[in-house]
Structure formats: C-alpha cells, structure tokens
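A.B. asks: In case it helps, TrEMBL gives these features for our protein:
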- K717: N6-(pyridoxal phosphate)lysine (MOD_RES)
- 790-911: domain 'Glycine dehydrogenase C-terminal' (DOMAIN)
Amino acid sequence: MTSKVIVNSLTELEQTQDFIRRHIGPSQSQTQAMLKDIGAESVDALIDEIVPSDIRLADLPNIQESKTEVQALADLKAVASLNKVNDTYIGLGYYGTLTPNVILRNVLENPGWYTAYTPYQPEIAQGRLESLLNYQQMCLDLTGLDLASASLLDEGTAAAEAMALAKRVSKNKKSNLFFISADVYPQTIDLVKQRAEMFDFDIIVAPADDVVNHDVFGALLQYPSASGEVRDISALIAKVQERKGIVAVAADIMSLVLLKAPGELGADAVIGSSQRFGVPMGYGGPHAAFFTTSDKYKRSLPGRIIGVSKDTRGNNALRMAMQTREQHIRREKANSNICTAQVLLANMAAFYAVYHGPQGLKTIANRIHRFADILSLGTAAKGLTAVHANYFDTLTFNLSDGEFNKEDIVTRALAAGVNFRTDVAGQISISLDETTTRAKIAGLFDILLGEGHGLNVSELDEQIVTSGHSSIPASLVRESAILTHPVFNSYHSETEMLRYIKKLENKDLALNHSMISLGSCTMKLNATAQMIPVSWPEFANMHPFAPMNQAQGYKKMIDELADWLVELTGYDKMSMQPNSGAQGEYAGLIAIHKYHESRGDSHRNICLIPASAHGTNPASAMMVGMKVVVVACDKEGNVDMADLKAKAEELADNLSCIMITYPSTHGVYETTIAEICNIVHEHGGQVYLDGANMNAQVGLTSPGFIGADVSHLNLHKTFAIPHGGGGPGMGPIGVKAHLAPFLPDHALINVDEATAGNGAVSAAPYGSAGILCISYLYCAMLGKQGVTDATKYAITNANYLATKLGQHYPLLYTGKNGRVAHECIIDLRPIKAESGITEVDIAKRLIDYGFHAPTMSFPVAGTFMIEPTESESKVELDRFIEAMVCIRDEVRKVVSGEWTLENNPLHNAPHTLADITDTWDRGYTVAEAVFPVPAAAANKFWPTVNRIDDVYGDRNLICSCPPVETYID
Ligand SMILES: *Cc1c(COP(=O)(O)O)cnc(C)c1O
C-alpha cells in the first residue's frame, strides 16, 4: 500500500535555510492579516500606492542573490583569511591589547549591550549610564582634569574638537592661529588641518618648542610624542596660557597610568583614544576617544556628558547632562555635530579599568614599560641607541647610517611577520603593548641586530632592576592616585566581574527585550551571524596602518560592500571613511565646497535646510563655514515649494547646496523631490540627501536616481550595525562622479589614486572598518530580493501601525492617499491640551508596558515618531499597539476626572519595585501600575529608578562617580 506523501522539490526544501524570512518579522499569514487592516491587496500594491512612480526603479538592484548564514560566513571567512595579521609595533594610537574574555563575550558579543539605544530614556538605561560614568571617571583620573565627555569618535576628530573648543573659549580673540606640534600623530595633524581650513583658522605645524614664538588661540601637543619621547611640557603650556591661548594635549591613555597627568602639567583639555584598554584594533575602529577639560569650559564641551541627578524618590539617578549644548537642540549653534558616538567601546574600556583596577593597570603599564627598557638597553649595548632617553612604550631609531640599515631591518621584520612604523625617512619606531612577551622582545633583537647578538631578556631585566635604571624623568612620574572609587576596586575576580556586567545589563532595556520603534533610527534586527566576524582575529587584530598588501581581506570586503552600496544608492563612488552619519555629512559638505571651489565658485556658501531637518544637518553645515537658511514646510509636512523657489532664486549667486532628508523626517515620500533637486541644480547648488531614511528607499528607489549628488548612509540604521547604546556607527558617503575627486583620503594610507592628498575626516583610512563586516553580511545574506523586501515590509509594518494607532491618535502627516512611509508621527499635543498629560508621561508610561518610547519631539515637539522596521512581527506590533491603546484609555480617565492629574499611572510612570513595596496610597491599584496588560506581566521589565529630574541634574552638575564616602552606610 502506498501512503500519500507530499515530496517537496529540493529547491523548496533548501528554502528553509533562507535568511530573508528570519530577518523579516511578519509571516505570510501575519502579512495578509495586516494588509486586510491596512486595506491593501498585497504588499506590492501597497508599495505602488506609496512610493511615487516617477522615482521607482524598474528592476531589483544588481547585487548578488541571498546566501544562507552558513554559506555567507564561510565565504567571508575565506575573504578574512586574505588578511595577514602581523605582530604590530606601529603604534600611533593603535596597539595590541588583550580584551578580557569576560568583557569580550558579555559586552562586545552580548545583544543586551550592543543592541541598546542612546540613553534618551534614562530610567531604562541606568546600566550603560553607570558604565559611561565609570568611563568619565577613569578619563578624569588619568588626565587630571575635572570634566569628561562620554566618548568621541576617534583621537583625530577629538583633537579637531579640542581646536574648536579652544576657539570658543580662548580669551585671545585677536588670534586666528592654531599651533600643532610636529610630533603629533601624522593622521591627527592631517585631520585637524582640514578642519581648520574649513573653519578658516590659520595653522602652523612646527616643533613643540616653537610654540612660544607664536601668538595663538590654541595649541595641540602630544604626550608622549609620536616618536615616543616623554618630556615635561608644562613650561610650554604655561607660555601659551600667558598669552591667553588654550592648550590641548593628545595623550596615550596607558602611559598616563605611570606618567604625571597632563592636567597637572597645566593642560586645558586632554584628548586621546581608549582603544588599548581592551578594545581590538579592528583595522582602525570602532574605539572610543576621550575628551576632558576644565569645569569652567563645561558649556563648550563637545559630545554627550553623563551626569548624576535625582529621581522622584530622591535617589541618585543618571542621565545625559546639559543637552542644550548639542546639535539636536542648538542646531547650527551647537558645539559640534556629534550625534552617534562610541558608547559600546567606551563601556568596554571602562570595564577593562574596572576589571584590572588601579593595581592591575599599573602592572600592565609597568610591564609594557619594562619591555621598552629591555629593548632600549639591549640595542644600545650593541650600538643601536634609541633617539630618546625618556620614553614610555615607543622607541625610535635613526637607521640612516652604516651598520643598521633601514631597508635590511624592515625586510627582516616583514619576513618574521613583524610591522614597525616606517613612514619617517631614515627612521623606524617600535611601540610595545600589552601583548608583548619576552619571546617577542628576543625576536625584535634578532630583527634589529641580526642573529648572534647574544642578548638575553632576563639578564637585561636583572640589570634594570639592580641598576635602578629609569627612562621616565622623576618630575614626570605620576604621584597622584588613580581609580580610587570603589567600582574600580571591587570586581577583580571573574565571577565578580561577570556579575557586575550582568547587574548593569539587567537595568537596560535593549532590542533583546522588546521592539524599540525609534523613528529615524531604524532599530532593526542585528543578526547574530552578522556580528560573529567582528571578533574574528583576522579582522579584530589588524592595525589600520598595516601595509596594504597585508590587508587584502579587508580591502576585498570593503570594496565589495562599497560596490553594493554604489548599486543601492545609485551613486558612482563611495567613501568608506566617515565613522558616523554626522561625519558623513561633514565629508559630503566638504566635497561640495571643494567642487564649487574647483570651478571658481568658492563664494557659494549658503546651505538650504528644511525646518524638519535633523540637528546634525545645520551643525555640519556650520563646520564647513556654510550659512544655514531654513526652508519652510507646509502644513502637510512637505517642503514649501514656493518658499524653496523664492529662496533658491534670491540666493542663487551664493547657493552652495540643499540638505534634505528623503523620505522626509515627517515620514512621507514627498512627490516633489525630483523637482526640488532640479530647482537647486538650476540655481547652481548641489543636493545633499541625508540617507538616514534609506530603509525606505533600498531596492525601490535611490538618491542617485532621484537626482541627488551626495548622501551619507547610516550603516548603523539601514545596514544592521547595532546602535551599541549610542555608537558605534559608520556613515560612508556616496557621490556622483563629479564629486568623487573631493572625497576624503588619508595621510598614511592612500585609499584611492584619484584622491591622494585629500584631507581626512576620520583618524583611520576606512573609519571603523572592524564593523563593516556586519553590513557586508547584511547585504550578502539578504541579497537583491531580501534588501528590497526589507524596505517593503518596513513600509508595510509602518502603515499597519499608522492604521491601528491612527484610530486612537491623530497622525500628524500622511502622503496624498493617507499612507505613510517607513515611519509615522502621532500627535500628542491634543492630549496635552485636553488632559495635561504630556508626551513625556506617555513615554515613561510605555516603560511600565515593557517598551522603549519612540522618538519623542523630533522633528515636531509634542509628538512620537514611530518606526517599527521590517524585523518586527505582527505579534510584537500588536503588543505595542495594545500598550498605546490602553494608554489612550488611561488618558481618558484623567480627562473624566476618575484620576487626578497628579495621582494617575501616567504622571507617576515609570513604576518601580520600590514603589509597590512602599506604602501604596495611589488612586489606582498596584496591578494597574505595573501589570497594566497581561503581556507586560508576562515579560516584565523593571526600571531601577523612578522618573528622573533633568533640571536638577543640570543645575547641580556632577559628572563623575559619587565620592567614596557615599558608599559607606
Ligand atoms: C541619525 C540621523 C543623523 C545623524 O547620524 P549619526 O550617525 O547619529 O551621526 C542625521 N540625520 C538623520 C535624519 C538621522 O536620523
């Protein structure tokens, strides 16, 4: 007897491995149900209604087909193996480091940390806020100043920010000159020079001692110097300050463990990279830069600062302080354009300090320094004397003469799999690090001196111990204590550390708990397979200035990703250097500026920006010396075409560009976008299309096709790099051919023949290259069909939310047929007018339901901008809708008087365990407070603090760890 068996084809069976259906949340049946509610026949029919036909692409993008996770990882592994990871002594701000495995797995590789958002909802972000406060404290202790930011993008940009701060605060208002010591890292000099050119500052690069001969508003010195010298710079600092100049010191964080703090030498600001505190080199990043300054310059500090405030129970609680300095509030008057920074990496560095503690760090730094002493003593004994007698970890040798020939030594080094710094003629430099061992030092002797030198590392060590040899001048030996706070002295066993990391993780709501529907931020799936290669040694341990022939795996991966992005954006060329969206804007505007200049149009300096733009747009325009002119939006949220035409015409002579986001931040596809591009072009301007909303374009349309000239992509939005709690990100830019000659390049690694000599916007040639594998795998695993489906389902999900929520809250803007793009704005102002309940109350009440609030009050005050992304299933969308509908009902109870305005679950949200274990005297029940719906009870998220008082925190600014006394009960 034959039974009825349905035999699928092998092709059908193989589809079960398809990644697309894992990435896209809604199943087929869920999609059908959503379409029914939306009132559309099919996903394609819905898309046809929404995306204007004149900008629709005819075909799927020409990238490859999707691959399975297994295949994509195997293929990328083969590419990675083209990298030759040498033993690296290049230094210049990037060093070998041993990431403690407890931090590697439980922070860097843990979605509880890497999928969190920037802590704009501090009540559910106390874990990463505490860690960032630790980071600030660590930076303060090591640099000897009293105010720190919570990370900047890299050392080079931090130096440029220090120059900008110097200009803001210097009392030497007459001077337009900034001094850069010639022994600052070459990539920093290059980057700061370009920044100065854009600001119209004058620059002089000269030996440090020369600074006393100039009347400057600021100066940048490096400590220890690029060639490794440790010298007392306090007299130079004092001289500059006598003339009211500001001195920034770029410092090596590991050396500061042993050296006198730059703050104690008089520095006004100290910047540097915290990479070597346990963060892999990753071919240039991501890493956190640090920035500290004096309290009196607090209003001028760039980037985010974490501060201590109080919650409604009077308990200490952390939040981002003094946000009024930042671009999202101050726009073109902001201190900088920084938005996405390097939170995940700052956390790693802070945990490294917590794990090792002051003693552990001293041991690590002393060990590095001892190896440098051994190397220096040994080579000197054989006639090869290092240039500087005082150093921390870096020795420079002159190799121009006779016996020690640079070419021979470098050849021997490469043959032994070793990289030295070689970019200075007649010299090599060797920077040692935490990974240096006795065996490696012995190997270095062989390379430098040839075999048979007879040196013995242990004997040299004994000599040093018995002779009391010292290579740090007595005046520069650190005497002040570091890391005295309990947090740095409590978690040195792995068990303790593991639990501390977990304790903080538990305080934070991330994507592994529930959806985070942040409009404009595209918090989509960060697939685990995409994250795995980040920690492969072939990618993690590559120095950004390694010779190109050793980085062929990176090159292949980056080139291929760039090709895909060219196809998806419709541009001709990508620059993979900018390491955030805002840096991309800066790079793109520089390209526009230089293009105009090349045509004799350097006077074109007006930048049109619609009122709805993100704050980074005007802040970036200001950084390239452009004048911002705001274009109005009409009441449908579209660019006011009459206003645009009038302004473009009136300002035509000086029009540089427009910066426009598409679809607009109002969540609609403006039908006039092609016309907008035309108008600006007709009046001699260029079109910068902010690509933050590319998740509504990929595969359906593209900026290049629409008619724009340049865009950044936020790879940490559209292309699956996780937000990391506020960074890292990548902001590569695409340009049309005419702008390609003006893309950034790099002083040490030429990224393209055509752009050789162009200045840089990031410290490393490919920015935070170490996370590009995430976007690479995103494209590889989704393929042409998947990336396009992602866009379609992002739009479908948004329209489902708009349809359902629209029944309870007014939608602020919709397109001509009542549809939205990939995000929608609901207007909460009528609720406020009717009930007194604010958007903040609703945001905090969502926490009780287990959700992170959507984007609040951007781009319109008193609204939520909701972006579900394609990765959320209908089940999760329905949970969110349920929460929002219940909240709407709660508002009604306030309106009806059932609850008073002060005693209701919205006003008192979020509710904590402390609330419900205290005497309960509220006008609503405990269950209503904390388990308002069964879904919230089934997956309860407990905020660890009550609502935080922002005003108190800014009035009583504390940005360091609470003093030791507060820990003693
Ligand atoms: C996120 C965003 C930016 C800034 O990008 P970062 O990577 O955070 O610097 C710019 N414009 C818009 C519309 C954005 O949403």
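Keep in mind that glycine also has a Cβ here, set from the backbone N, Cα and C atoms.
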A.B. asks: Mean pLDDT for the domain 'Glycine dehydrogenase C-terminal' (790-911), rounded to an integer?
C.D. replies: 97
A.B. asks: With H, G and I counted as helix, E and B as strand and the rest as coil, say where DSSP puts K717 (N6-(pyridoxal phosphate)lysine).
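C.D. replies: DSSP assigns K717 (N6-(pyridoxal phosphate)lysine) to coil.
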A.B. asks: Hey, what's the Cβ neighbour count for K717 (N6-(pyridoxal phosphate)lysine) at 10 Å?
C.D. replies: 26
A.B. asks: With helix taken as DSSP H, G or I, strand as E or B and everything else coil, how many residues of the domain 'Glycine dehydrogenase C-terminal' (790-911) land in each class?
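C.D. replies: For the domain 'Glycine dehydrogenase C-terminal' (790-911), the helix, strand and coil counts are 55 helix, 11 strand, 56 coil.
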